[in-house]
């Protein structure tokens, strides 16, 4: 009993007194103060731009899509779009914060359960991730539904204006997600790189060793970057895809006939997804119990497969229940006749394309397969060959996901025009609760291992948490693959909605206005990546110098007789992330405003298309290269095969080369790569929200 009491005292001291929980809270509250000021300013910008479309008139205007009918004034669109933006921003912030609170509570619990075995530890981590997944998915759905019903009290039968104003909800969600992903990514990777380069490479001490001054900042960063940022990111994807589908549906025969069940088809798909994910979760925790290390990865993959199969049935039921047998969709000025089974195929092809992307990502990032093992083997000749193999792997991993996205786009657009692409994106995100559970499981397991190391627990417990963490790295890569794939479809759907709202029937890529935008748009992901990568590098440089200084200046630190100054490292990460997240965010938010206002809707359309095409490629390759480098390092550290043992053990030249590759990949997979999918979504939804202004007053230079 004395040992147990001492153990729980140690856990409590490490998780609370050492600021894992309070450190994450402190950073998020500070970040949210900055974001509150930005949100207030940008809300004013939305109101002024949209209100000026008709000089803040309070008179009704002719509807754009329903001829001979009067719609609510532009001033109403300005007011309700602003309110929707604020709602989306608040929900995104709440999603990230609540996810972080769940994760910090689950970290120590997973460590405690690891004493009982791999199965209980897996169940604790996965159930905690599931709580976060269901909370975020249901919260986004609930707030959006309530907003539609409340806005409807004013708009009445003007569904065109109602759902146009609702698009502000997606803009608010993605705006917060961008800063959360970038800020959290800079925070966690600055600490991670500093801790690894000095601790593991120079000092040859274990990962998460309490002697390392950067270890607390590293573990805090896992919560604010991989949990809070990721939660806001996937919420943003869900909000934007739903808003795009609702807007396109409102200008179809659904909206003209005021068929609420049919217009709410996207919401019904997401609701069915929650039920399916609830059933799926039981397979991982009750019906299929993990008993060995080898059972962890199959259990997680089984979640993806089961949820996809069950969701296919759910989509079938919802489609034939909610939709009429035949209807018409808006098709860039034309009318396209669509049958309900067409939409069933659109949703399911997005759903199964997501599974294909997930399994492809797993193949290229899991150390159970040859690509990652080849990267690990390349470490025999140093860090340079490791970097070369990792980059090649990332580029190659783009092929299958892009083909899956291309097939989804072609089939869904052929069957149901831009609405088909919208619901295909929703199909890919329909199992978002399961995706979030699997994604959040990784950082929770990682922090559980850190707590075990800092608490001085036995090597056997650390092996169990490392096994959970290795599988979590792969699932995190799968989650990023889903996010990027869905972002491509969401952005294209938003792009189509923008083209419709701006009144463009055709976009000619040979037009100088369009082609200029296309070239500049394709450059933006590289500019954005350069800014975020340099931000991580600058912060990591300061972190490395601080960790080296403490090892040199604090007597007895290396021997474990002194306590490092954790607070100074936390301060370096916090200051760097808050300072460096602003320029990339400004680039993304200002680019559509500048292009639309000064160069017009044609140039802006080219800008969006260019950013979409190049952003998807860069995001997938960056995320998968980083994931492969990380798991190559863990493959050598685990030494589970003769090949891995020949490359190890920890501290060997091959292992040091793998650590260097991992530190290069950290900002790629956790900062630049995941943030790029927000870039392409945010630019598209911002363009849609401001489309009335650009169509009326844009193109000042060309005019």
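Each residue, glycine too, has its Cβ placed from N, Cα and C.
Feature list (source: TrEMBL):
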- 34-53: transmembrane segment (TRANSMEM)
- 74-98: transmembrane segment (TRANSMEM)
- 118-148: transmembrane segment (TRANSMEM)
- 260-284: transmembrane segment (TRANSMEM)
- 304-323: transmembrane segment (TRANSMEM)
- 343-364: transmembrane segment (TRANSMEM)
- 398-421: transmembrane segment (TRANSMEM)
- 481-499: transmembrane segment (TRANSMEM)
- 505-528: transmembrane segment (TRANSMEM)
- 587-613: transmembrane segment (TRANSMEM)
Which sequence positions outside the transmembrane segment (505-528), separated from its termini by at least 6 residues, show Cβ-Cβ distances below 8 Å to it? 332-333, 499, 584, 587-588, 591, 595, 599-600, 602-615, 618-619, 672, 675-676, 679-680, 683, 702
Intrachain residues whose Cβ lies under 8 Å of the transmembrane segment (34-53), provided they are six or more past its termini: 74-75, 77-79, 81-82, 85-86, 89, 93, 168, 171-172, 175-176, 179, 578, 582, 585, 589, 689-690, 692-693, 696-697
Report yes or no: does the transmembrane segment (481-499) come within contact of the transmembrane segment (343-364), defined as 3 or more CB pairs under 8 Å with a sequence separation of 6 or more? yes
Under 8 Å between C-beta atoms and at least six residues away from its ends: which parts of the chain pack against the transmembrane segment (343-364)? 265, 269, 301, 304-305, 308, 311-312, 315-316, 319-320, 323, 371-372, 393-394, 396-397, 400-401, 404-405, 407-408, 411-412, 415-416, 419-421, 423-431, 474, 477-478, 480-482, 484-486, 489, 623-624, 627-628
